[in-house]
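Novice: Feature annotation from TrEMBL assigns Mo-molybdopterin binding site to N60, Y63, E64, C118, T153, N201, R206, S217, I218, K219. Positions annotated as domain 'Oxidoreductase molybdopterin-binding' by TrEMBL: 80-235.
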Amino acid sequence: MAKRWTNDLAPGDVTPESHYLNRRQIMAGIAGLGLAGLAAPARAAGALEPSPWDVITQYNNFYEFGTGKDDPAKYAHALTTDPWSIRIDGMVHNPGDYALGEILSKMTMEERIYRFRCVEAWSMVVPWNGFELKDLLDLAGVKPEAKYVAMETLYRPEEMRGQRTPFIEWPYVEGLRLDEAMHPLTLMATGIYGKPLPNQNGAPLRLVVPWKYGFKSIKSIVRITLTDKEPPTSWNRAIPNEYKFYSNVNPTVDHPRWSQATERPIGGGLFAKRQPTLMFNGYEKEVASLYQGMDLRVHF
Ligand SMILES: Nc1nc2c(c(=O)[nH]1)N[C@H]1C(S)=C(S)[C@@H](COP(=O)(O)O)O[C@H]1N2
Ligand SMILES: [Mo]
C-alpha cells in the first residue's frame with residue numbers, strides 16, 4: 001500500500017522539538033485532506049503544541065476503569081491487550097475475526113497531531129499514531145447498502161473493574177455515519193508520541209474523530225459492524241436529551257447544563273486561560289460539507 005506521506009526531515013534537522021512537531025503537524029494536515037500539494041489547512045498554520053505525555057496519559061475518561069480522571073491510569077494495567085482480535089461483521093464482503101497483528105501488517109501508519117475536545121469542556125492536543133479507518137473498512141469490503149458503522153468496546157469485567165458496576169450499559173458502544181467513518185481525518189489510533197497506546201488511552205486500538213466530542217472516540221475496540229440503521233451510542237442511551245448521535249463540536253450549541261463556547265486546556269494549571277472552542281473543533285474546512293443542509297441545533 002502506498003504511503004500517503006513520509007516524514008522528510010533530514011537527520012540533522014532535529015531542533016527545536018516544537019518546530020519538529022509543528023512541521024509534522026503541517027504535513028499531517030495536508031495528508032489529512034488527501035490533497036498533498038495544496039495549502040495546509042488553517043489548523044496547521046498556528047503552532048499546535050501537543051499536550052505533555054503525562055497529561056494525556058494521566059487525565060482520562062475510561063469508565064470501564066472507574067469514573068475518576070485518575071482511575072484509568074491506576075487500574076487499566078489489569079487489561080490484557082495481547083492477543084487481541086476485532087470482529088468485523090454486518091454489511092461487509094469479508095466478515096470475520098481479524099487478529100490485530102494481521103490488520104496492522106496491512107495498514108499505513110501515520111502520525112496525526114489533532115485537537116481533542118471533551119464534551120465536558122476541556123481539551124488537549126494529542127500526537128496520535130494510527131491508520132485511517134477507511135483503509136480498514138476497505139479491507140473488510142463495505143457493501144453498498146451499508147450506511148453506518150457501529151463499534152463496541154471489550155466487555156471483560158474481570159479486568160475492567162468499572163464494568164462490575166452498571167454505571168452505564170456495558171459494553172460501551174459508539175457509531176458513525178459511513179461518510180464520517182470514511183473521512184480521511186477519521187483515525188484508528190494504536191499509539192501516542194510514537195509509543196504504543198497506554199491501556200488507559202484505549203489500547204490496543206481506539207477510534208479518533210477529531211471534530212467530534214471525545215466520547216465518540218471509543219476505546220479498546222473489539223467489534224465493528226456495518227449496518228443500514230443508525231446504531232445506538234452509549235451516551236445517547238444513558239442521557240438522550242443531552243447527547244445525540246452526531247456530537248460534533250459546536251461552540252454555538254450549549255450542553256443543557258453548561259456552555260460549549262470555551263474550553264479549558266488541560267495541563268495549563270488551575271488558572272490557565274480558557275480558550276474559545278472552534279466550530280467542528282477547528283476542522284470546519286475539512287468536514288462542514290458532510291453536514292450540508294442539516295440543522296445542527298436539532299442534530300447535535
Ligand atoms: N470505551 C470507552 N471509550 C471512551 C470512553 C469510555 O469511558 N469508555 N470515554 C470517552 C471520553 S468521554 C473521552 S473524553 C475520551 C478520552 O480519551 P483519553 O482518555 O485518551 O483522553 O475517550 C472516550 N472513549
Ligand atoms: Mo469526554
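All residue numbers here begin at 1 and follow the chain in the order shown.
Note: Cβ is positioned from N, Cα and C throughout, glycine not excepted.
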Novice: Mind giving me a neighbour count for T153 (Mo-molybdopterin binding site)? Other Cβ atoms within 10 Å of its Cβ, every protein chain shown.
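Specialist: That number is 24.
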Novice: Could you check what DSSP calls R206 (Mo-molybdopterin binding site) once collapsed to helix, strand or coil?
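Specialist: R206 (Mo-molybdopterin binding site) sits in a strand per DSSP.
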Novice: Using all protein chains in view, find how many other C-beta atoms are within 10 Å of the C-beta of E64 (Mo-molybdopterin binding site).
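Specialist: Neighbour count, Cβ to Cβ under the 10 Å cut-off: 28.
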Novice: With the Cβ atom as the reference point and anything under 6 Å counting, tell me which of the binding-site residues (N60, T153, R206) are near ligand 1.
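Specialist: Near the molecule: N60, T153.
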Novice: Need the DSSP three-state call for I218 (Mo-molybdopterin binding site) to compare against my parser.
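Specialist: Going by the DSSP assignment, I218 (Mo-molybdopterin binding site) belongs to neither helix nor strand, so it counts as coil.
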Novice: Looking only at the domain 'Oxidoreductase molybdopterin-binding' (80-235), what is the model's average confidence as pLDDT?
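Specialist: Within the domain 'Oxidoreductase molybdopterin-binding' (80-235), the model's average pLDDT equals 98.
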Novice: Look up T153 (Mo-molybdopterin binding site) in the DSSP assignment and report helix, strand or coil.
Specialist: strand
Novice: For a quick check of packing: other C-beta atoms within 10 Å of the C-beta of N60 (Mo-molybdopterin binding site), how many?
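Specialist: N60 (Mo-molybdopterin binding site): 22 neighbouring Cβ atoms within 10 Å.
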Novice: Are there any residues in the same chain, six or more apart in sequence, whose C-beta is under 8 angstroms from the C-beta of R206 (Mo-molybdopterin binding site), and if so which?
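Specialist: Set apart from R206 (Mo-molybdopterin binding site) by at least 6 residues yet with Cβ under 8 Å, we have M188, A189, L197, S217, I218, K219, S220, I221.
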